[in-house]
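Have a look at the structure below before the remarks.
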Amino acid sequence: MGGLMKKNTLILGIESSCDETAASVVKNGNEIISSVVASQIESHKRFGGVVPEIASRHHVEQITLVIEEALKQANVTMDDLDGIAVTEGPGLVGALLIGVNAAKTLAFMHNLPLVGVHHIAGHIYANRFETEFKFPLLSLVVSGGHTELVLMKADNEFEIIGETRDDAAGEAYDKVARTLGLAYPGGVQIDKLAKDGEDTFHFPRAMMDEGSFDFSFSGLKSSFINTLHNLRQRGEEPNPNDMAASFQASVVDVLVSKTIRAAKQYDVKQLLLAGGVAANQGLRERLIQEVKLELPETELIIPPLALCGDNAAMIAAAGTVSFLQGKRSGFDMNANPGLLLEDI
């Protein structure tokens, strides 16, 4: 025998930061053994957005079930695990608490190491299921609560080089969708409508020419709402496909142009797309096209659709990196809705 066999690392991931209750078993940080997600979309639909109290109640109902199902699908017991990773923040405090308390209880009962994970680090590490990371790399993180350009020079080293100064892109999508009378979650509906529309309204592209890599979407959102109201006051009903296409073109132009410029400036080896809005077809297609043209030497990594939204596999992936670096969280770990990525 040529030396000892390397032991696999098996981590249980738990995610409950917003409106998905999820658990997953991941091997070596890059192989999903099981992934279970209980979504609450139907419960929040009639309110047009996530209601924190309802989200927390659903997490309480689902958390034990999803953990049991993840272990069952992976065909493992708690004794087979090396550790537990859980989303510590950011997110809704009541929702986070359910996952954190479940993780702490299991870790205590089974004498397992506990690792707190930043939700956005999870979204970034979802790309580890596609390929190994090569540094330096740049992540465009786009979700309901975050729009950031994150530079990484090593594992678990995050530098935010650009972020939104007001609304996150996903938040703007949801608000615009509500104005059009579309069902929650609005981003998916806008993306679908945009496929059959044209950019006829030419909405503003904020901060495009500034040297900064920061974003702003509040002006675009206001411009969209005002345009829609003005047309309706004149008795006109605008083409929803064109409205959606015009809005999406503005968002995608800004996101892609700043990302490409940042990737060039920092001479990155890989460019990653991460977060819920990474599922947006318009954004995915445009990024693929621009990287081919502008950054032929840079590897573009886009996660599969199943790993764009909130899930626990990504938390286990990020948690594995921290676990192997020797990082541990104590039983005094609490939900931290304001947790900063650069502080982890």
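Including glycine, each Cβ sits where the backbone N, Cα and C put it.
Matching Asp267, Asp310, Asp332 to the Fe cation binding residues that Swiss-Prot gives (His119, His123) identifies Asp310. Matching Asn30, Asn75, Asn280 to the substrate binding residues that Swiss-Prot gives (Val141, Val142, Ser143, Gly144, Gly145, Asp174, Gly187, Asp191) identifies Asn280. The distance from the Cα of Ser143 (substrate binding site) to the Cα of His119 (Fe cation binding site) comes to 11 Å. Taking the Cα atom of each, Asn280 (substrate binding site) and His119 (Fe cation binding site) are about 20 angstrom apart.
Distance between Cα atoms for Gly187 (substrate binding site) and Asp310 (Fe cation binding site): 15 Å, as a whole number. For the pair formed by Gly145 (substrate binding site) and His119 (Fe cation binding site), distance between Cα atoms is given as 11 Å, rounded to the nearest Å. DSSP gives Gly145 (substrate binding site) a coil state; it is part of no helix or strand. Apart from His119, His123, Asp310, the Fe cation site neighbourhood in this chain, defined by C-beta within 8 angstroms of the site C-beta centre, holds Glu15, Ser17, Thr87, Ile120, Gly122, Ser143, Gly275, Gly276, Asn311, Met314, Ile315.
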